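S.K.: Features from TrEMBL:
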- 47-293: domain 'G-protein coupled receptors family 1 profile' (DOMAIN)
- 30-53: transmembrane segment (TRANSMEM)
- 65-88: transmembrane segment (TRANSMEM)
- 108-125: transmembrane segment (TRANSMEM)
- 145-167: transmembrane segment (TRANSMEM)
- 187-207: transmembrane segment (TRANSMEM)
- 240-261: transmembrane segment (TRANSMEM)
- 277-295: transmembrane segment (TRANSMEM)
Amino acid sequence: MNECYYDKRMDFFYNRTKTDTADEWTGPQLIGVLCFGTFFCLFIFISNSLVIAAVVKNKRFHFPFYYLLANLAAADFFAGIAYVFLMFNTGPVSKTLTVNRWFLRQGLLDTSLTASLVNLLVIAVERHMSIMRMKIHSNLTKKRVTFLIISIWAIAIFMGAVPTLGWNCLCDITVCSSLAPIYSRSYLVFWSVLNLVVFFIMVVVYIRIYMYVQRKTNVLSSHTSGSISRRRTPVKLMKTVMTVLGAFVVCWTPGLVVLLLDGLNCTDCGIQNVKRWFLLLALLNSVMNPIIYSYKDDEMWATMKRMICCSSEDRSQERRSSRIPSTVLCRSTDISGHYIEDGIIQGTVCGKGDLGDKGNS
């Protein structure tokens, strides 16, 4: 019967697998890493919070695609939390962690990344269904969207908890991996291959969308009587789809390949030298998602700018409240609230003519 090592600290496993835990991360280098990580996470928190708030605030976003978009932002927000926990439990601190705390550290990362990945897949399928039926939004009901969102998080939590539930090497240290010293190599192979399969499915879905949009664009361009906006819409969609696909390939593929090589026990691949950079690259997807899915949507960008601009103006009004009659303040608040509630894109935002620039760009 194999001996189990649940009571050991992580230094036992790191030393056995000869995993580098970056003991040299001290002084200015450690401060630099923490500052960069803090800025990285703050951007994730702020940008994804704006996406969620915009979906809640604007009634025009109360459709399946935008609900899934908000859930993607929530997954990326959770990724920021996971990365904050990682920052303070990595480097030389890694060797001092207990087994349970290390499982929590990796489980948070696995859960957040899986949630983002599955959510991207669901969004791709939703877009495919809508475009093939020549509709802006799919026919998914709120109950079905809610079920999908719950399913996404259930899958993500389960995948994050699988190693803790028993698929690890604590009772058979001969099969421990190098990148994750208490993960079984077979689990890394399973996890990386599963994600690569999901990635392949996404590629197929987006290729079908691309081919369909290109075909429709050619048909519409041959009819001069078609409206300009109708001809531009497929082109804009095609660019967005290719941007999403390219970002996913760049951010995810290197890390998945490294995990697969580690699972296959490739000792001469030099994976220890690139693991941190590929992890950062994968987490970078949480930064890029709100930019890709929100900034390219004119209505989303306008709503976010209104919230930021009006929030700044409200603070200015509070500072001047002692000098402005209350009736003027009430009228200003009513007007701005009317614009936000109706979601009407005007030529100005909170009295400033900057929305028109975004619409014309």
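Using the three backbone atoms N, Cα and C, a Cβ is placed for every residue, glycine included.
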S.K.: Which stretch, 30-53, 108-125, 145-167, tops the Cβ pairs under 8 Å count with the transmembrane segment (187-207)?
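M.R.: Comparing 30-53, 108-125, 145-167 against the transmembrane segment (187-207), the winner is 108-125.
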S.K.: Using a cut-off of under 8 Å between C-beta atoms, tell me which stretch among 30-53, 65-88, 145-167 contacts the transmembrane segment (108-125) the most.
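M.R.: It is 65-88, which has the most Cβ pairs under 8 Å.
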S.K.: Short question: most Cβ pairs under 8 Å with the transmembrane segment (145-167), which of 30-53, 65-88, 240-261?
M.R.: 65-88
S.K.: Take every residue in the domain 'G-protein coupled receptors family 1 profile' (47-293), average their pLDDT values, and give the whole-number result.
M.R.: 82
